[in-house]
């Protein structure tokens, strides 16, 4: 019997579980290779240089995927992150334009993210009766609303002195700086989720919150820390996104939450909690990004790109389930 | 083990299928990509002129694209049309990045935000791509020139006169705009306020409120109803946005209020509401420019920029053959340059039948 | 009436009282009818979402399904393929049913988590709406008689409100007094127990998502008629309003708990907030912030009142 997500099996021995999960990462690597080869074959302009040049905007979104994966693993969700990106970017630009030194502006952006994350975390911890989706829906409207009020009639702000952001957006050779940062953060998140107590506690909460609580996991603390981390990484996303826009407007970051969730989910991280691996999320993020860049270069209608991503999302979970059912039926037939 | 292999295989085929499918799917759904792949294959050396509209699935934008394509193709170029996923600057950045990778010769963009495209458009210009705007502009640093559909002053003046005329010269009136952040709408509203303050002719007109419907039909409807409820003596609602004016006209016509609606709207959307004063229709007349011509103007600008006829500096001239006009580039208010298409066009009960089928 | 609903009624009455005090024109029958009519597109799918949430699922593809159905109907009128309003509704309902059934099958038989399946559906159906639309809208004129449907009044009340009312009565009966309704609650409370006790869980799931789809089709068709306009990007983000309406109405997102009355109240709270903001002359630019704050405040107040009620109930028991 398949588990909630259908992809993993709950009550089987550890090593089998590991193998199964590993296999999904294996599949993702194969898909990534297929995507790269096919895109290269279809489009002459799909060169390493071009792909890396188009990547920073998507890389910024990957910062959101990492803590989002943690939150999803606990069976929670945060749909306010796009708005946090917007608010943090807006405040950063205001700070730069007010003549503050660039590092101070960065601290303000980071602080904004932390505060927003803390607000989400606090409401969710104090009122456990409220589903996180509805809480973060409320704050989603509020955070973007505050940015709207600050931006006023124009609805848009440009950093008058964009040198700092320009420096952040630079590349080492052809590889953007943010690429290295994403890889480093990804590695840290992988280590936390696999080697550290915090990662195991996340999984325990996701599998069964009550059991986790009774076995001594400080559920509220873990939840709160996760949401604050989410806020901080939203700010990080805002910083690197602003490095690509030199400004912010009222639609900045709209829909980022869905992109981040899609990346995590396609990577095998279940939204029902307790399942998935960080590395899968990172791999799937690259699959989606490389695919989007390739399709974009072929001028495929952006709605068709969404259609394909929709089919991939469903197919990625559906097909293994179907194959599992087929092999299970076979086994039954043999015995 | 078998299961693992099987699912691996299935997923790989799925990805391959999706990709192969969109190779074909892309060319059927988007003629831009079809011609692009053809030219790549044949390596005909055709110049590629790209246009990035504000959003997909909007007939107004589609008409701009239509005009743009017609002129580019008539002049032996290849039009690359690339729609952003949403009506946001974020989505346009993705699209423009991709166009830079493809190495197009020019990009014409109807910007969703004045500033956010600066970095990517500077990048494009540094790679020798000619950048111009149409419909709504980016800041002066990020463009070479701008195909402006109608000068801000002309639009504002036309709307002020309409309000004056419809209200009979005095009374309460209100504005229903798009979002509070919409660049064009805000410029027009500011200019209208300026005109009304400067001329004593408008002294008896009282602007009671500027409401925002965010270009969503439902919200625009809510806002119109609120205006009618809050100001029973309201004489005119002026909505300088296509979604807003249609929603307002519908509410007023359905409720049978004495208030009248004018503004900027698409003839095909507004035909139902435009009529003579005593016909029970809610909109006596309204304005718009011709988006097809705007697309054509933008195409001529792209062509001229690429072949070096113009550089985008004020004083440059170029001929728009099909429009029958020789345009001169002028200084714009924001420090950049622009080309103004012409005065806004009035749609009234006499000509609406003819225009509603055009766009 | 249950406590949960009672606390919500208090919140709603308070809200209406405050707004009416600031602007008396709010407290008129016409205004309340306007509120209902403008929110038909939230109130009807709320019923479907209630069922989906009751079986422990979620559906974020609904707004895309509505847009697709509305778009197809609009285009059929535009290109003079159909003229009958009834036929238009049947087509829209069928499109919704197909979309919903597809989602239900993927979730019920394919064991795909609902949020993943419907997130995929959200992208797919929205893309289809754009593709069938091919950059065309159907405007008021193209819709001919169809747009007059939503203008009709029966006994002084708009026909769309009657349809909504009918849906609510039907679903009230369905969930309260039929076997199917009990099965839904059973699946939501404990799917495994339901399976063991002979309920075909997968079938219930498919049925629920199909019903959700049908309601989306209906909503899409009504939306095109009410606003006399079909656009591919219409109703974007509506799914969040609908989920919010349910949750405010006390429907549990983990399944098994929630009532028709509750979700109606939740939808009304949102509707009143949306209508009240421009009437009490909140500056346009701050309206979104206030809306967000109000939603958060309402759900928190609701939780606190419930906690207090529970405590009082416990105290009474101790005595």
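Glycine residues also receive a Cβ, built from the backbone N, Cα and C atoms like all the rest.
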Examine the ranges A:133-151, A:152-170 and name the one recorded by TrEMBL as transmembrane segment.
A:133-151
From the ranges A:199-223, A:224-248, grab the one TrEMBL calls transmembrane segment.
A:224-248
Between the stretches A:21-43, A:133-151, A:172-192, A:224-248, A:301-322, which wins on the count of C-beta pairs under 8 angstroms to the transmembrane segment (A:63-92)?
A:224-248
Contact set, same chain, for the transmembrane segment (A:224-248): CB under 8 Å, 6 or more residues outside the stretch:
56-57, 59-61, 63-64, 66-68, 70-71, 74, 76, 78, 81, 84-86, 88-90, 92-93, 106, 109-118, 120-122, 124-125, 147, 151, 156-159, 162, 165-166, 168-169, 178, 181, 185, 198, 202, 256
Beyond the flanks of the transmembrane segment (A:133-151) by 6 or more, those residues with Cβ under 8 Å of it:
77-80, 82-84, 86-87, 90-91, 94, 116, 119-120, 123-124, 127, 157, 248-250, 252, 257
By a Cβ-Cβ criterion of under 8 Å, what residues six or more beyond either terminus of the transmembrane segment (A:278-295) are in contact with it?
21, 24-25, 28-29, 31-32, 35-36, 38-39, 42-43, 46, 50-51, 54-55, 58-59, 61-62, 65-66, 69, 186, 189-190, 193-194, 262-264, 266-269, 304-305, 308-309, 312, 316
